[in-house]
Structure formats: C-alpha cells, structure tokens
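Report on the following structure.
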Amino acid sequence: MGRVNDKVVLVTGGAMGMGLTHCTLLAREGATVYLSDMNEELGHQAVAEIRRQGGKAHFLHLDVTNENHWTGAVDTILAESDRLDALVNNAGILTLKPVQDTSNEEWDRIFEINVRSVFLGTRAVIEPMRKAHKGCIVNVSSIYGLVGAPGAAAYEASKGAVRLFTKACAVDLAPFNIRVNSVHPGVIATPMTQQILDAPQSARALLGPTLLGRAAQPMEVSQAVLFLVSDEASFVHGSELVVDGGYTAN
C-alpha cells in the first residue's frame with residue numbers, strides 16, 4: 001500500500017475495462033485519481049465505488065480528441081489539486097479489419113482516438129509538469145505496436161505510432177525531468193475483447209502464440225502502469241514495458 005501516496009494522476013478512458021482497473025489500483029495505492037471518460041454515468045459510478053473503498057477520485061468528462069476539453073481538464077485539476085504528477089493515456093478503440101477492407105473513415109477514426117488523443121494529452125500536461133520540474137506520462141500501446149498480426153492494420157499502425165511517439169517525447173521532455181514510457185499489453189480479458197475471446201477460432205489465434213496460454217487480467221497490466229507512475233520507476237524513461245505472457249518471445 002502507498003506506492004503512489006499523494007500523487008495526482010489523470011487517467012483517460014477510466015470508466016470501464018482496463019482504465020477502471022488502473023484507476024482503482026492507483027487510488028488503492030494512495031493517489032488522487034482523476035478518472036476521465038465520455039460516459040458520465042459509468043464514470044460517476046466508478047468514482048463512487050473507488051471512494052466507497054476509501055480511495056480519492058474525481059470524475060472529468062473528457063473527449064480525448066478535443067483540445068479544449070484537455071485544456072479544461074488540466075485547468076480543473078490544477079485548480080483543485082495544485083499540480084498534476086502523472087498522465088495515463090489509456091483511452092483507445094479496436095477495429096478488426098484487414099487493410100484492404102478498411103475505409104478512410106475507419107482509419108481516421110482509429111488514429112483520432114488512439115494517436116491524436118495521446119498527442120493532445122501529452123502536450124496539455126507538459127507546462128504544469130515543466131514548472132514542477134517533474135512528471136510522468138504513461139502511454140498504453142499494445143504488443144501490436146511491436147509486431148504485426150492479420151486483420152487489424154489500422155489498430156496496429158496506431159499503436160505503433162504511440163510507441164514511437166513515446167520515444168520522441170522521452171527525448172524532448174527529458175530536460176524537464178518528465179519521464180515518458182509505454183506499456184504494451186498482450187491479449188487482455190476486457191469488455192472490448194470478450195466477444196473475440198468467446199469465439200473459439202479467434203481465441204485460438206490470439207492465445208496460441210501466448211506462451212502462458214491465457215489472456216491477461218486487467219490488474220496484471222495495471223500493476224505495470226502503477227510501477228511506471230511510482231517513484232520506483234524514477235530511472236525508467238523512454239522504455240517499453242511489455243506485459244504479454246510471452247507472446248512476443250514466441
């Protein structure tokens with residue numbers, strides 16, 4: 001307990017799935033969590049549950065593709081908490097289509113949510129972190145930002161972009177003592193992937209290369225996020241933390 005005591009952390013896409021698990025664990029370990037999402041009902045429910053468990057959490061309605069929303073969110077956090085120690089860029093979507101079946105609109109939508117949001121969020125938090133001369137940004141990518149697989153060209157390209165954007169930011173932001181790292185989960189059992197895992201053929205295709213033979217639980221990925229946000233990772237910068245059950249080793 002207490003691994004991120006008194007840290008102020010903003011998490012995007014925090015109302016459900018992996019994002020909710022990030023928020024729950026960070027709050028349990030002492031952080032004040034600003035849980036952001038487009039879904040206000042689920043967001044408020046999530047905050048209420050975290051508070052019921054003794055954690056400190058606040059909800060922010062945030063469209064991660066909207067620059068003005070980001071400005072407002074950061075201003076709110078600074079007004080209420082006086083600082084922002086960490087940003088977890090978790091929000092993202094998944095579309096399963098091969099490149100030949102992917103429309104321009106689908107490609108643009110994936111990049112808007114999975115890549116533009118990470119850029120906007122990162123840019124929005126730089127100034128308060130620079131003034132404090134410390135900060136931490138964790139970008140949630142994927143193993144499919146490291147390796148290719150059939151049937152998800154736009155998603156994989158977007159997660160690869162997040163990986164390299166993380167490297168670029170690590171170089172740019174090092175003089176301000178802002179650490180930037182990416183997390184690369186393998187197959188995770190979340191509402192977004194459950195339909196795929198419930199189909200035997202697609203489950204075999206996804207889990208076959210995973211050496212541990214199963215999907216990750218969201219908490220197993222959240223532990224990696226917690227580590228990167230914590231001071232335990234004070235010399236971890238520009239890194240890729242892969243949490244994939246051996247998928248990329250196979």
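Cβ from N, Cα, C; glycine included.
With MET18, ASP37, ASP63, VAL64, TYR155, LYS159, ILE188, THR190, THR193 listed by Swiss-Prot as binding NAD(+), the candidate from ASN5, ASN90, ASN139 annotated for that site turns out to be ASN90. Residues near TYR155 (active site, proton acceptor) in space but far in sequence (CB under 8 A, at least 6 apart, same chain), listed by position: LEU94, THR95, LEU96, ILE110, ASN114, SER142, TYR144.
Under the DSSP three-state reduction, TYR155 (active site, proton acceptor) is assigned to helix.
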